[in-house]
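**Student:** Pulled from TrEMBL, these are the listed features:
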BINDING   27-34, 146-149, V175, 183-186  ATP binding site
ACT_SITE  H34  active site, proton donor
BINDING   Q58, Q152  (R)-pantoate binding site
BINDING   Q58  beta-alanine binding site
Amino acid sequence: MPAVVRTVAELRAATAAAGTVALVPTMGALHDGHASLMRHARPLADTLVVSIFVNPTQFAPGEDLDAYPRTFEADLERCAAEGVDVVFAPTVEQMYPHGLEDQITVDPGPRATLLEGAQRPTHFRGVLTVVAKLFSLVRPDVAVFGEKDYQQLSLVRLMARELCLGVEVVGCPTVREADGLAMSSRNRYLSGSDRERAAAISAALRAGVDAGPDGPEAVLHAAEKVLADAGIDPDYLVLTSPDLGPAQPGREARLLVAARVGQPRLLDNCAVSLGNPADGGK
Ligand code: PAF
């Protein structure tokens, strides 16, 4: 079993002679997607730390902070199975000892105003602030994040670079259910028919990838059609460059989608190779 540490002092003691450290930050409710992050991180350092902390500052009032699934005992079993050395599971008081008001926070910059940030204006300030705190506390050499939350991964990378945090940020491919649905802690809130419909989100991305050689408009058109056929009205469906700028014909791009299916709001994204119709496409 991993050592379970709940305070900063215990964390310091548990990592004092740790050698190199890899960190997988999580909010718990661990699933196969998290297990793949741990598996990816395990060989990257001497000591593997997983943090489990449901961070209140990345939830806006009215979002699902209280309802967010908490499955600590099962999470520990999963960490043990993946060879995790230390589970850091702090309280809110340990992470925010001076309270949630009057804080110094990380300004996530303009990239955080797009996509998820347009829907959830305070979200990335909370995410980057807690990730910066976790980096300061755990002092990892490398930190591993999932590509499923692509904008989050992009912003964490940018923060590590811009604030010279000395942490290598590694992204891991999304792990999917057999029908393509991206694994997420919130999938458990999908009811029967919505669970079936939710597969259309990844199907839309695949249709977009297939249309890639025909250029950006064809990608969006193909993906929109799959969503519309499943009765899904996305919050956004966009094609960007890999760093979330404008997509360029003839280049690698990223197709990102967010949509509410029944109760949960689902996110997914994938890489697309764009042809350039102006050059005859394909
Ligand atoms: O992706 C998550 O689970 C969270 O946003 C993170 C990175 C652990 C920060 O709370």
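Positions of Cβ are set from backbone N, Cα and C atoms, glycine also.
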**Student:** State the Cα to Cα distance, in Å, between E147 (ATP binding site) and Q58 ((R)-pantoate binding site), rounded to an integer.
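**Tutor:** Cα-Cα distance, E147 (ATP binding site) to Q58 ((R)-pantoate binding site): 18 Å.
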**Student:** Among M27, L30, G33, H34, S185, the recorded positions in the record, which have a C-beta under 6 A from ligand 1?
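**Tutor:** Checking each Cβ against ligand 1, the ones under 6 Å are M27.
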**Student:** Counting only other Cβ atoms and using a 10 Å cut-off, which of the binding-site residues M27, L30 scores lowest?
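**Tutor:** Selected from the binding-site residues M27, L30 on minimum Cβ neighbours within 10 Å: M27.
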**Student:** Which of the three DSSP states, helix, strand or coil, fits Q152 ((R)-pantoate binding site)?
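**Tutor:** Where Q152 ((R)-pantoate binding site) sits, the three-state DSSP reduction gives helix.
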**Student:** Can you tell me which binding-site residues out of Q58, Q152, V175 are within 10 A of H34 (active site, proton donor) by Cα, answering none if there aren't any?
**Tutor:** V175
**Student:** In terms of DSSP three-state secondary structure, what is the assignment for L30 (ATP binding site)?
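**Tutor:** DSSP call for L30 (ATP binding site): coil, neither helix nor strand.
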**Student:** Measure the Cβ-based neighbour count of S185 (ATP binding site), defined as the other Cβ atoms within 10 Å of its Cβ.
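**Tutor:** That number is 18.
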**Student:** Of the binding-site residues M27, L30, G33, V175, S185, which one has its Cα closest to the Cα of Q58 ((R)-pantoate binding site)?
**Tutor:** M27
**Student:** Would you mind reading off the Cα separation of S185 (ATP binding site) from Q152 ((R)-pantoate binding site), to the nearest angstrom?
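**Tutor:** S185 (ATP binding site) and Q152 ((R)-pantoate binding site) have their Cα atoms 16 Å apart.
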